[in-house]
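A.B. asks: Structure provided below as structure tokens; questions to follow.
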Amino acid sequence: MAVSLSAGGSGSRAPITVGTLAKPVFFVGFMGAGKTTVARRLARNCGVAAVDMDTFIERQAGKRVKEIFAEVGEEGFRAVETDVLRQLAGGEGRLVSCGGGVVKQPENRELLADQGFVVYLRVSADEAAGRISDRSSRPLFQDLDAARMLNQEREPLYAEVADVVVDTAGKSVGAIASEVRRALLKEGVLCLQQK
């Protein structure tokens with residue numbers, strides 16, 4: 001459990017928002033959907049922990065995701081991803097931003113659906129490409145037609161595991177985070193207290 005502090009003036013003590021999650025919340029969607037950015041914003045606003053799955057994998061492996069792909073291929077990377085997903089699904093309630101391809105493996109879809117609450121941030125490949133400032137870090141967006149096809153292939157898999165779908169088109173990070181927060185509160189996944 002993380003704590004979010006608000007600065008108070010004149011020596012007054014501002015309320016502290018303490019949030020708890022009943023289970024892990026997994027953000028899925030195509031690259032550029034805003035999974036990591038929205039999870040971080042929500043974590044800060046609600047006083048809960050957030051973790052980016054790719055960053056978690058990189059720290060455990062001591063190398064970048066693209067290096068892991070180069071060394072063991074996609075199949076090897078997906079095996080590592082499944083192991084990490086198992087760890088995160090079995091741990092404390094936190095916000096987890098997943099890699100865009102996490103839904104490719106049937107075992108991962110089962111873990112996501114059974115062990116957590118899944119938020120699908122829906123985005124078109126065109127809008128996602130417009131959000132990514134450094135396309136060299138996202139080789140998939142060098143060929144927008146291929147990105148469109150891949151997103152179209154994955155959309156049914158994202159929808160299959162989703163407990164809630166948030167369409168991100170034309171929305172700010174704050175608006176998306178607020179929509180997710182309302183859904184988590186409504187479903188009883190997020191509990192907030194002022195201390």
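Each Cβ is built from the backbone N, Cα and C atoms, and glycine gets one as well.
Keep in mind that TrEMBL annotations are predicted by a computer and have not been checked by a curator.
According to TrEMBL, the feature ATP binding site maps to GLY32, ALA33, GLY34, LYS35, THR36, THR37, ARG138. The feature Mg(2+) binding site is assigned by TrEMBL to THR36. Marked as substrate binding site by TrEMBL: ASP54, ARG78, GLY100, ARG154.
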A.B. asks: Calculate the distance in Å between the alpha carbons (Cα) of LYS35 (ATP binding site) and GLY100 (substrate binding site), and round it to a whole number.
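C.D. replies: Pair distance, Cα basis, whole Å: 9 Å.
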A.B. asks: Counting other CB atoms within 10 A of each CB, which of the binding-site residues ALA33, ASP54 comes out lowest?
C.D. replies: ASP54
A.B. asks: Which residues in the same chain, at least 6 apart in sequence, have a Cβ under 8 Å from the Cβ of THR37 (ATP binding site)?
C.D. replies: VAL173
A.B. asks: For the C-alpha pair, I'd like the distance in angstrom between THR36 (ATP binding site) and ARG78 (substrate binding site), rounded off.
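C.D. replies: So the Cα of ARG78 (substrate binding site) lies 19 Å away from that of THR36 (ATP binding site).
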A.B. asks: Would you mind pulling the longest C-alpha to C-alpha span across ASP54, ARG78, GLY100, ARG154, which the record has binding substrate, in angstrom?
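C.D. replies: Between the most distant Cα atoms of the substrate site, 18 Å.
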A.B. asks: Near ARG78 (substrate binding site), which residues of its own chain have a C-beta under 8 A away, given they sit six or more steps off in sequence?
C.D. replies: GLY101, LYS104, GLN105
A.B. asks: Indicate the candidate from LYS35, ARG154 with the smallest number of other Cβ atoms within 10 Å of its Cβ, considering only these binding-site residues.
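C.D. replies: The binding-site residues LYS35, ARG154 were compared, and ARG154 has the fewest Cβ atoms within 10 Å.
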A.B. asks: Around the C-beta of THR36 (ATP binding site), how many further C-beta atoms are within 10 angstroms, looking at every protein chain?
C.D. replies: 20
A.B. asks: Please identify, from the binding-site residues GLY32, GLY34, GLY100, the residue with the sparsest Cβ neighbourhood, meaning fewest other Cβ atoms within 10 angstroms.
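C.D. replies: It is GLY100 that, of the binding-site residues GLY32, GLY34, GLY100, has the fewest other Cβ atoms within 10 Å.
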A.B. asks: In angstrom units, rounded to an integer, how far apart are the Cα atoms of ASP54 (substrate binding site) and ALA33 (ATP binding site)?
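C.D. replies: That comes out at 15 Å between the alpha carbons.
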